[in-house]
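Undergrad: Encoded as structure tokens, here's the structure I'll be asking about.
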Amino acid sequence: MTLSVNLCSGAEALPTEQEAASLAVECIEPLAQLPHDLPIFLVGMMGAGKTTIGRGLARALGREFIDLDHELEARCGVRVPVIFEIEGEAGFRKRESTALQECTQRRGIILATGGGAVLAEENRRLLRERGIVLYLRASVDELFRRTSRDRNRPLLATADPRGTLNDLMIKREPLYKEVADLVIETGAMPITTLIKAILPKLQAYEKKL
């Protein structure tokens, strides 16, 4: 069963990804524990806040955080855009699926997946079967605002990046919802407030397992 949680009531703008990540690492203290050590997987569009929120959740829960894109970069020794340039999207997706298959076997982690990780049916199966999946959702306008200055997004290197985001959202959102146990509307809430709002939702969901 998928629960939809709207956490958009805050009025403050979400900091930049770099600022929010620093807040997550430096300011969030351990706040809670979950009854199980099931891994928590974050899915959603680029710019939805998977890395930032993932780091904050890991800090709050005292867990290890893994960013799948960063894991791929560490394995390949180059940035994601370079992998795309050399091997194309198909080559990147193959590497992504291999890394996902390995990372999802680890207990007690917070894993931020890439925006397109859900495209492969086998990846979706692994996410559903091996952990708790949070779909971090934001509007196309908010996604565009957050990614407009980011040059590390090869799929947005187009003449109309906002239109590309909209097309990707139409294609991918049904897949995010297919695997999601919880849908979290990230909105424009400060990262610390957002993390504190997500934690009780996770605790309530785990108690039902």
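Note: Cβ is positioned from N, Cα and C throughout, glycine not excepted.
Straight from Swiss-Prot, here's the annotation block:
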type    : residues                                         : note
BINDING : GLY47, ALA48, GLY49, LYS50, THR51, THR52, ARG153 : ATP binding site
BINDING : THR51                                            : Mg(2+) binding site
BINDING : ASP69, ARG93, GLY115, ARG172                     : substrate binding site
Undergrad: Quick check: of the binding-site residues listed here (ASP69, ARG93, GLY115, ARG172), which one has the Cα closest to that of GLY49 (ATP binding site)?
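TA: With Cα distances computed to GLY49 (ATP binding site), the winner among ASP69, ARG93, GLY115, ARG172 is GLY115.
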Undergrad: Same chain only, sequence gap of 6 or more: which residues have a CB within under 8 Å of the CB of ARG172 (substrate binding site)?
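TA: When sequence neighbours closer than 6 are ignored, ARG172 (substrate binding site) has MET45, GLY115, GLY116, VAL118, LEU119 within Cβ distance under 8 Å.
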Undergrad: Can you tell me the three-state DSSP label for ASP69 (substrate binding site)?
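TA: For ASP69 (substrate binding site) - judged by DSSP and reduced to three states - the answer is helix.
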Undergrad: Taking every protein chain in this structure into account, which of the binding-site residues LYS50, ARG93 has the most other Cβ atoms within 10 Å of its Cβ?
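TA: Sorting the candidates by Cβ neighbours within 10 Å, the top entry is LYS50.
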Undergrad: Going by DSSP, is THR52 (ATP binding site) sitting in a helix, a strand, or coil?
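TA: Going by the DSSP assignment, THR52 (ATP binding site) falls within a helical segment, counted as helix.
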Undergrad: Can you tell me how far the Cα of ARG93 (substrate binding site) sits from the Cα of GLY47 (ATP binding site), in Å?
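TA: Their Cα atoms are separated by 19 Å.
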Undergrad: Please state whether DSSP places ARG172 (substrate binding site) in a helix, a strand or coil.
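TA: Note: ARG172 (substrate binding site) is helical by DSSP.
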Undergrad: Secondary structure at GLY47 (ATP binding site) (DSSP, helix/strand/coil)?
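TA: Once the DSSP labels are grouped into three classes, GLY47 (ATP binding site) ends up as coil.
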Undergrad: Please compare the binding-site residues THR51, THR52 by how many other CB atoms fall within 10 Å of each one's CB, and tell me which has the fewest.
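TA: Checked THR51, THR52; of these binding-site residues, fewest Cβ neighbours within 10 Å: THR51.
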Undergrad: Measuring Cα to Cα, how far is ALA48 (ATP binding site) from ASP69 (substrate binding site) in Å?
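TA: Pair distance, Cα basis, whole Å: 14 Å.
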Undergrad: Given the substrate binding site residues ASP69, ARG93, GLY115, ARG172 in the record, what is the largest Cα to Cα distance, rounded to whole Å?
TA: 18
Undergrad: Just checking the binding-site residues GLY47, LYS50, THR52: which sit within 10 A of ASP69 (substrate binding site), CA to CA?
TA: none
